[in-house]
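Written below as structure tokens is the structure these notes are about.
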């Protein structure tokens, strides 16, 4: 089933976290969000549109809106700007501007930074995510923009003889049960990534039915601490969708994480210069009865910040 999501987020410390959502009806045409909103999202199986606040009238001052687009695997995202386009011009677009990045994060590779009155034409991602931020300062507002987004086939994936698609290169692990260990060393052991290449791997944890997940780092070291663009470990609660981000660690310390769902996702990113980054994590499944963490055969006690697992 063809699905595509566009999520609009407010920024906190350079990383987009979900602010609020609103589901609009979809059809075979594009849907326009409430023009006074800056932080809604639109669902449309065939793409859609989004606009600057108040479009087609002047956008307000002191606005910051982040739009995150996601297509299906093997698809790319294409933006088409409406002909009525104007953002306050400035040298290097230092004031009002649109910033477009090739990925789902504020630190993804920059595609372009736009302002002025010249229509940018078509803008295309190289993958299935695109991060877009619109910023206006305290003075000299303009008409703004209306952008239509569509999803196109990724030309890097070709058909084999017999019509089978090439597999998407990945580094993924599945693990389940009441408890277990997740190790970054699995990547080398199972030769998921070539030595010297950047690492982007996902561990999916599936707890038994009706249970939740508790995560504790037993080992954690980032080769380039406090440089999230180079290496980090992220934890998602329920799925790997960006709105389910629970915690992200790239400094010298990683804290325990309690999830609200029975599915947890751990993602590790390390660029080519950060392959010595590593972690080892204990996961424990439990059932929460009247605020007491009780599983079929285990009880989790948290005493003085320590996690103990014992049979009941």
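Each Cβ is built from the backbone N, Cα and C atoms, and glycine gets one as well.
Record features, source TrEMBL:
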SIGNAL    1-18  signal peptide
DOMAIN    38-152  domain 'CUB'
DISULFID  38-65  disulfide bond
DOMAIN    171-286  domain 'CUB'
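Other Cβ atoms within 10 Å of the Cβ of residue 65 (disulfide bond) number 24 in total over all chains. Mean pLDDT for the domain 'CUB' (38-152) in this predicted model: 85.
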